[in-house]
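Q: Here it is, the structure, as structure tokens.
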Amino acid sequence: MPLNVSFANRNYDLDYDSVQPYFYCDEEENFYHQQQQSELQPPAPSEDIWKKFELLPTPPLSPSRRSGLCSPSYVAVASFSPRGDDDGGGGSFSSADRLEMVTELLGGDMVNQSFICDPDDETLIKNIIIQDCMWSGFSAAAKLVSEKLASYQAARKDGGSPSPARGHGGCSTSSLYLQDLSAAASECIDPSVVFPYPLNDSSSPKPCASPDSTAFSPSSDSLLSSAESSPRASPEPLALHEETPPTTSSDSEEEQEDEEEIDVVSVEKRQPPAKRSESGSPSAGSHSKPPHSPLVLKRCHVSTHQHNYAAPPSTRKDYPAAKRAKLDSGRVLKQISNNRKCASPRSSDTEENDKRRTHNVLERQRRNELKRSFFALRDQIPELENNEKAPKVVILKKATAYILSVQAEEQKLISEKDVLRKRREQLKLKLEQIRNSCA
């Protein structure tokens, strides 16, 4: 909803109290130049960062967001003369009007926003972006406004003609400058588009610059990279670097220096303390890469006590088959239990090694089971019962021969059983005949 408040309903006392430390109206002679070179001016962004917190005991008030920016009195501020002469029409304003216009200049839209807008449109809400990210933003804006107005007045004085024609030339120059400002106002960014998420959210999208900020993009990239690598970056939300108004070619170098002096601390990013780099200047920080925090993967050592089958046989004491089978089974169970104890996060290589190790353990367990089966078969063969070093082939051959012999003996016993059964039947019949003859 646009703010439609007339210029006459403003509270001058409230506006003057909010910015009183920055103005000295007793000295109207060369006002902007004295304010720029005053000793009481807040420190520039290039100085020590901690001196900026000595600006005021409490944070300054947020800039006024009223429709007075669109008033005709405010439009005439581009041709405002600090000397109070009739060159730019400044003599028609009272001291209160001058104070109000300077207040709106220094505390309004941080210089880079447009000074001219239509009160009937909704562009006033769009071109006002949230201010006061840090205290130093206000002092940087005041210094930049003072330098711009001083350079603009110097350009007007140098390029002027005789007194009647000079006023006309000044009006045309100011109209061109105001036209550029109004063109920039139409391309301002909507705060709802720039800030779709809260500012304290670390995952909020970064603001996109408008087409007017092509000259500012290289320095903004360097400032962003230097702010990410600055050791003094505090864990605060990412602040928006605003754009500067279009200026003439006479003060392009000065504007570039001002852009390089923009406070680096206002662009901040959450960083772990251990990952902060030690770069001290924006030029050195522009070549640095943002620190990454990859997942720390810890390797877990698993002792499996693998047996080397290629090694020569050791001269250890041979245990009995039953005891050796128990030892082998216990060793396999111990290896599996040790393998399951590793529960820390692993990389892909570690997982592959663990899978291979588990496969080897299972394969070894299968071989041990097969070996125990051979040992049991060897114990059943009479010829190899006490032979601990009998090969598997011999065990298989002897077992086959023994099975055949046992089967032959079984057939022999079966035939003998049949003969005995027949003999029994014959004896039963003979006994029955004897009983019948005796009766």
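Here the Cβ of each residue, glycine as well, is placed from N, Cα and C on the backbone.
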Q: For the annotation motif 'UBR5-degron' in Swiss-Prot, which listed range does it cover: 35-44, 355-364, 365-374, 415-424?
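A: Feature motif 'UBR5-degron' in Swiss-Prot: residues 355-364.
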Q: From the ranges 1-9, 100-108, 109-117, 136-144, pick the one that Swiss-Prot records as motif '9aaTAD'.
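A: Within the set 1-9, 100-108, 109-117, 136-144, Swiss-Prot attaches motif '9aaTAD' to 100-108.
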Q: Scan 149-170, 413-434 against Swiss-Prot and say which stretch is down as region 'Leucine-zipper'.
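A: The listed stretch tagged region 'Leucine-zipper' in Swiss-Prot is 413-434.
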Q: Just to verify a number: CA distance, Lys143 (SUMO2 cross-link) to Ser151 (phosphoserine), in angstrom, no decimals.
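A: One finds 12 Å between the Cα atoms of these residues.
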Q: Using DSSP, tally how many residues of the region 'Leucine-zipper' (413-434) sit in helix, strand and coil.
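A: Taking the region 'Leucine-zipper' (413-434) as a whole: 22 helix, 0 strand, 0 coil.
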Q: Where Lys148 (SUMO2 cross-link) and Ser348 (phosphoserine) are concerned, what is their Cα separation in Å, rounded?
A: 60
Q: Roughly how many Å lie between the Cα atoms of Ser151 (phosphoserine) and Ser347 (phosphoserine), rounded to a whole value?
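A: Ser347 (phosphoserine) has its Cα 62 Å from the Cα of Ser151 (phosphoserine).
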